[in-house]
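Asks: Let me begin by handing over the structure; questions about it come next.
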């Protein structure tokens, strides 16, 4: 990922939450093995009584009103996303966590560009499940809260934390739907969230563990276990050379770790000759910046510079699990960007697969170099759509932060499909410009056909997209710059601090809707 020189599903663990706890503590610790998360809505009017969800009402009736009675004396009404824990109310559930869902009527917010009700459910359920885990209970049953898919996503995303390499593990918590509600929607939510968690795990794993070869092997294992309608090709350096991918090879040559070109196929369409959608993901498994080396502070985060490859591959694995009736191909050029005597030097000129020459004025703008060859190769499949994802520019983080993925596309149809999918998932996208204004800044090049950085410091995300456009002739292409959404501090309440796996769920939703539209 090129950073502008500006003036900086596994086991689970949670932090202690500031919650109120009420009820009898007479049950022994040995009895406390299962928890329950129930939702309650905010008051619509000042004089209203906060309303339980349907599951909450039924549970309160089972207790002859004791849940409501205990809630009324426990403090002020619960705000959205807040939790309150009660003990000893029911023998099957020694701990019951009430979670605030906000207003029941919450729907699509046209300013926020998401479904507020679904986001409230995800955040509330995540907080409730973390509280159950914090109590060291091994299982939790979850109120569907009116949307079982959103509830499942909140539970599975909220409970995930990467601790694979720690000796001391926190207790894993299994979550399931409370009652006999919409199991199909719940399982769909589990699938969507598990797809994102796969991307999170790939992105979080240290670079000495997550090499290009290891990444490819993990995706191969996951894809083959997801469906029999799949093919995986782990292409070695010799194949990359045969394909004349000189731009990709120029980045890889600085590292002793061999490059891999991962090519995955999901053949879900009943028509084997149906043109596929092609997803392309940047797969830099560690980005030091090369000779244009990065500052050491936070360089460790560049283990996730393969986030584009992680998200597109995880989305395809999820599509295979959903058995979608479409054909999809995933392409991921995988390598490290390291400094050495063999590495690219500023001012070098390399040749891409389509014959265009590239002046490499900044070796830290390497993602676009490997994507250039992959995008050229993507055209050989006669695709319906080409979509690439990449943690491409620090400028994208400056522009949008973690609020949304930046989308550059030559197709309003494709933009609308991605935008609609993002409203559903809450993992938002925002359209960015592909003006000729930016193209001129990369094709005005002294030594080659195109420069890998723009003439000016401004609009770095836009000039990076303009560079990629030089290797695209397809009329339905989108470039997703995910640099700003790569990590989470506390912005997304149902994701812990760390790598996010965004926007995997939006890509899955896009594929699902595309398959339905083309049925």
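Cβ atoms are placed via backbone N, Cα and C, with glycine included.
Positions annotated as phosphoserine by Swiss-Prot: 42, 54, 180, 194, 238. Residues or ranges marked as N6-succinyllysine in Swiss-Prot (evidence: similarity to another entry): 45, 61, 103, 221, 455, 476, 489. According to Swiss-Prot, the feature Zn(2+) 3 binding site maps to 202, 203, 205, 303. Among the features that Swiss-Prot reports, N6-acetyllysine is placed at 221, 455, 489. Residues or ranges marked as substrate binding site by Swiss-Prot: 282, 287, 292, 294, 305, 364. Under the heading Zn(2+) 2 binding site, Swiss-Prot lists 282, 287, 305, 366. The Mg(2+) binding site feature in Swiss-Prot is assigned to 287, 364, 366. Marked as Zn(2+) 1 binding site by Swiss-Prot: 287, 364, 366. Here Swiss-Prot flags 294, 368 as active site, drawing on similarity to another entry.
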Asks: Of 305, 364, 366, the binding-site residues given in the record, which has the fewest other CB atoms within 10 A of its CB?
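Replies: The binding-site residues 305, 364, 366 were compared, and 364 has the fewest Cβ atoms within 10 Å.
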Asks: Secondary structure at residue 368 (active site) (DSSP, helix/strand/coil)?
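Replies: For residue 368 (active site) - judged by DSSP and reduced to three states - the answer is helix.
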Asks: Which whole-number value in Å describes the distance between the Cα atoms of residue 61 (N6-succinyllysine) and residue 54 (phosphoserine)?
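Replies: Between the Cα atoms of residue 61 (N6-succinyllysine) and residue 54 (phosphoserine), the distance comes to 11 Å.
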Asks: Using the alpha carbons only, what distance in Å do you get between residue 305 (substrate binding site) and residue 203 (Zn(2+) 3 binding site) once rounded?
Replies: 8
Asks: Hey, what's the Cβ neighbour count for residue 238 (phosphoserine) at 10 Å?
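Replies: Its Cβ shell of radius 10 Å holds 8 other Cβ atoms.
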Asks: Expressed to the nearest Å, what is the distance separating residue 292 (substrate binding site) and residue 366 (Zn(2+) 2 binding site) at their Cα atoms?
Replies: 10
Asks: Per DSSP, residue 205 (Zn(2+) 3 binding site) is which: helix, strand or coil?
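Replies: In the DSSP reduction, residue 205 (Zn(2+) 3 binding site) maps to coil.
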Asks: Using C-alpha atoms, which one of the recorded positions 203, 205, 287, 366, 368 comes nearest to residue 194 (phosphoserine)?
Replies: 203
Asks: Across all protein chains in the structure, which of the recorded positions 54, 194, 205 has the highest Cβ count within 10 Å?
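Replies: Per the Cβ count within 10 Å, the most buried is 205.
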Asks: Return the maximum Cα to Cα distance in Å (whole number) over the record's substrate-binding residues: 282, 287, 292, 294, 305, 364.
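Replies: The span, Cα to Cα at its widest, is 19 Å.
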Asks: Nearest to residue 366 (Zn(2+) 2 binding site) by Cα distance: which of the modified residues 45, 180, 238, 476 is it?
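Replies: Nearest listed residue in space: 238.
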